[in-house]
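Taken verbatim from Swiss-Prot:
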- 68, 73, 79, 308: [4Fe-4S] cluster 1 binding site (BINDING)
- 80-297: domain 'Radical SAM core' (DOMAIN)
- 94, 98, 101: [4Fe-4S] cluster 2 binding site (BINDING)
């Protein structure tokens, strides 16, 4: 029997080390068992442009993180080339250990007090008009990090008065009331919280999360801020059925959510949950039609869609695939 990992504060645990900490064990996928990517999942990545280097340099200068890099997003090159990025606040170490996610797990350091000001200045320097702010889960904080989100919103608007801010928040497990109170005076322009998958798969995909809790977070925020759109996203290809996804869409609408993203799950490594199937583009198109029929005002559905992929276009209701 191997010794349990003794986590040190500020150390990132990834891949096999991270998966070893999950109660539901996921055996590494052998190369011969990995599903071959279909043609529609093969994209030509743009060259490592100067724009990409400039954005990375701006991040490093102010000790900031992008979820694009930390979660190994396949759209990084495209988004960076277009001058957009999703900033990840509260550090790059998550207190959760979801087996689909490539963000490192461990004992995070205390939040950096100057991060909101640094973030606001970086956004100003990059001349962004729409920004997405997300974070790792911070179960070690009394409010789950909600006040830090509010501080970032306030500082960003102070330097960038015409900007639109979308926040992609964690579930604030056990801290919903205090978290929503912290966000009360500085809400975002779009409030995003991902359900990720169907409730049947939560124990495997989102250990530590609760489907009904996440729905309630979306409902309560909308109740307190009726003019702020709420948004959620799901991954496809983890073993869910189309019928289960439709039921989740109905639940989201019943809780006031009007913006939706559906995308293909891609395993970051053989140590993560394997891809059960690659969903054809036509099926994404069908689900988009279902979503619009259910009353979603915006639905971005396609193999490469992610929560923050072209989020500015999503917010305008433009086509994103």
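Cβ coordinates are placed from backbone N, Cα and C, and glycine is handled just like the others.
Locations of recorded Swiss-Prot features on the structure.
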residue: 94; record: [4Fe-4S] cluster 2 binding site; DSSP (3 states): strand
residue: 101; record: [4Fe-4S] cluster 2 binding site; DSSP (3 states): coil
residue: 308; record: [4Fe-4S] cluster 1 binding site; DSSP (3 states): coil
**Message:** Just to verify a number: CA distance, residue 98 ([4Fe-4S] cluster 2 binding site) to residue 308 ([4Fe-4S] cluster 1 binding site), in angstrom, no decimals.
**Reply:** 19
**Request:** Report, as a single number, how many Cβ atoms besides its own are within 10 Å of the Cβ of residue 98 ([4Fe-4S] cluster 2 binding site).
**Result:** 21
**Asked** Excluding 94, 98, 101 themselves, which residues in that chain have a Cβ inside 8 Å of the centre of the Cβ atoms defining the [4Fe-4S] cluster 2 site?
**Response** 96, 97, 100, 102, 103, 105, 136, 137
**Message:** For the C-alpha pair, I'd like the distance in angstrom between residue 308 ([4Fe-4S] cluster 1 binding site) and residue 94 ([4Fe-4S] cluster 2 binding site), rounded off.
**Reply:** 19
**Message:** Most Cβ neighbours within 10 Å: which of the binding-site residues 94, 101, 308 is it?
**Reply:** 308
**Asked** Over the domain 'Radical SAM core' (80-297), what is the model's average pLDDT?
**Response** 94
